[in-house]
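Taking it in order: structure first as structure tokens, then the write-up.
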Amino acid sequence: MEFDVAVIGWGKGGKTIAGALARAGKSVAMIERSTDMYGGACINVACIPTKALIHSAEIRPEKSFDPDYFDQSVERRDSLTEAMRGKNYSMLADLETVTIINGTARFTGPHSLLVEAGDEALEVTAETIIIDTGSIPRLPEVAGAELGGRFHTSVTLQHAPLPEHLIIVGGGYIGIEFASMFAQYGSEVTVLDKNPRPLHREDWDVAAEVFDSLADSGVRLVSGATVLRLCQETDCAAVQYLWNDQEQTVRGDAVLIALGRRPNTDGLDLAAAGIETTETGAIKVDERLATSVPGVYAVGDVNGGPQFTYISLDDSRIVLDQLTGSGTRTTADRVAVPSTIFTTPPFSKVGMTVEEARAAGHTVKIAVKKVSDIAAMPRPKIVGDPRGIIKIVVDEATDLILGAALVHVDSQEVINLVALAMRHGVTASELRDTIYIHPSSTEALNEVLASI
Ligand SMILES: Cc1cc2nc3c(=O)[nH]c(=O)nc-3n(C[C@H](O)[C@H](O)[C@H](O)COP(=O)(O)OP(=O)(O)OC[C@H]3O[C@@H](n4cnc5c(N)ncnc54)[C@H](O)[C@@H]3O)c2cc1C
Ligand SMILES: NC(=O)c1ccc[n+]([C@@H]2O[C@H](COP(=O)([O-])OP(=O)(O)OC[C@H]3O[C@@H](n4cnc5c(N)ncnc54)[C@H](O)[C@@H]3O)[C@@H](O)[C@H]2O)c1
């Protein structure tokens, strides 16, 4: 079958491009290998289901081990993701110019694909091809590191029974979020990370606030742990690791492997199209997300950029700008991209830490306050969680904001405002003197920025 555009993978960037081009009258093939993944990872297995589970954990006053409550939360999560999957399906299926093809695609030439589903195969050709096949978990290169049974990825763990003791290997985004969440469902949680401390790139006072909130929930963080081997025993799983030159073993009901995710190019046969990859296995793209083959673009996790849904979405803007706009958007014009780790309370950041700002040659002013010491920020007290810290790094010479780290209730909202200020050259003084809603978390900026 011949199309104007073929999109491989229903991720955020791919589906946005598919919808926009189809509405512009192009014939579009959306190729997705799993009917459970209409809408992509974010709504089905990643951002949305995890945040739904986190929310249910947070609103529960009792933090004791309660598998029934967990099961109810899973049901609530599933009804939410099912509804979103249906909506995502309709958003493309209802467009006359879109053909949805269920199957796994691989390249047979620069502009031709073979889509296979069981015994069936379909040839697809298109002038424009968008690759949006996401990422897959990295496994440790140690004995016994095979998934299945008690060893989980973030996806399978969400569908397993609530573990009494969860061991998490890796203290990054997924490791920390799952630790915070499962501890609030009453699981005993141990996190093993190889770095001297998790969040090692963050300023110590900021990281300490996150560690304190994890410790409040009973999470045990083991830093500087080198995992040696994993094994499944009859009634438990065991992780052996080296810590302070001594071999240690921790046993639990389930192990979550959260060591990062690699671009998913498996089985795409990129070589058949002449599409180049980088040393880290990502599809090689330029600043306009064009691959080494004209007319073929890669968006989302598979191109090796930051692994966030909103980056995949921004990738779609860049590609659409090539195909239907002025062609001026590039990845280089991204400024102040924020991120949030959804602990309780959430940790959000944008721009540079103090150390990074100094290393970049800035003389900095630091506005920093613990949330409990901020008089004009009643919102965390209203919702019953006055933990955290607000830290804003300001360039002394220009009064521009270089970075911010926010650990507090609603920080995933407030960080967007700080990022917008950074993008548009709003000074720290202007942000300090702005009128904010009361009571809100944003109004803390009045007081915190007045401290410098
Ligand atoms: C547990 C977890 C929580 C996360 N939480 C957040 C969060 O809160 N906020 C955030 O911004 N990001 C979060 N992320 C990251 C975010 O989910 C990803 O960055 C984002 O989903 C990547 O989207 P994508 O466009 O690359 O493609 P994906 O959404 O990964 O979609 C790829 C699609 O391609 C399909 N596919 C793969 N190969 C083929 C093939 N050969 N043929 C056909 N189809 C194929 C797959 O089935 C899949 O549907 C989280 C990730 C995880 C794992
Ligand atoms: N809220 C969000 O936006 C959100 C949530 C979840 C995931 N994500 C995205 O998904 C990506 C993948 O998440 P992730 O947590 O798997 O990766 P990550 O890169 O965030 O963290 C991996 C962690 O594993 C540790 N590690 C690596 N090798 C190790 C080893 N051998 N032994 C012990 N520790 C080791 C690293 O030090 C790091 O702390 C994230 O980078 C993020 O972009 C985003």
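Even glycines carry a Cβ here, placed using N, Cα and C.
All TrEMBL annotations are machine predictions without curation.
Features of the protein shown, as given by TrEMBL:
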type: DOMAIN; residues: 3-311; note: domain 'FAD/NAD(P)-binding'
type: DISULFID; residues: CYS42-CYS47; note: disulfide bond
type: BINDING; residues: GLY170, GLY171, GLY172, TYR173, ILE174, GLY175, ILE176, GLU177, GLY260; note: NAD(+) binding site
type: DOMAIN; residues: 337-447; note: domain 'Pyridine nucleotide-disulphide oxidoreductase dimerisation'
type: ACT_SITE; residues: HIS438; note: active site, proton acceptor
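Taken residue by residue, the domain 'Pyridine nucleotide-disulphide oxidoreductase dimerisation' (337-447) breaks down under DSSP into 35 helix, 31 strand, 45 coil. In the three-state DSSP reading, GLY170 (NAD(+) binding site) counts as coil.
Take the mean position of the Cβ atoms of GLY170, GLY171, GLY172, TYR173, ILE174, GLY175, ILE176, GLU177, GLY260, the recorded NAD(+) site; other residues of that chain with a Cβ within 8 Å of it are ILE168, PHE178, PRO198, ALA258. Classification of GLY260 (NAD(+) binding site) by DSSP places it in coil, neither helical nor stranded. Of all the recorded positions in the list CYS42, CYS47, GLY172, ILE174, GLY260, the shortest Cα-Cα distance to the residue listed as 'active site, proton acceptor' is found for CYS47. Most Cβ neighbours within 10 Å, among the recorded positions CYS42, CYS47, ILE176: ILE176 holds that distinction in the structure as shown. The maximal spread of the NAD(+) binding site, taken as the longest Cα to Cα distance among GLY170, GLY171, GLY172, TYR173, ILE174, GLY175, ILE176, GLU177, GLY260, is 13 Å. If you draw a 10 Å sphere around the CB of HIS438 (active site, proton acceptor), it holds 12 other CB atoms from the protein chains shown. On the 0 to 100 pLDDT scale, the domain 'FAD/NAD(P)-binding' (3-311) averages 96 in the predicted structure. Proximity to ligand 1 at the level of Cβ atoms, with a cut-off under 6 angstroms, picks out CYS42, CYS47 from the recorded positions CYS42, CYS47, ILE176. Annotation for GLY170 (NAD(+) binding site): same-chain Cβ neighbours under 8 Å, separated by at least 6 residues, are VAL191, LEU192, ASP193, LEU256, ILE257, ALA258, LEU259, GLY260. Cα-Cα distance from GLY172 (NAD(+) binding site) to CYS47 (disulfide bond): 15 Å (rounded to the nearest whole number). In this view, the densest Cβ surroundings among the binding-site residues GLY172, GLY260 belong to GLY172, judged by other Cβ atoms lying within 10 Å.
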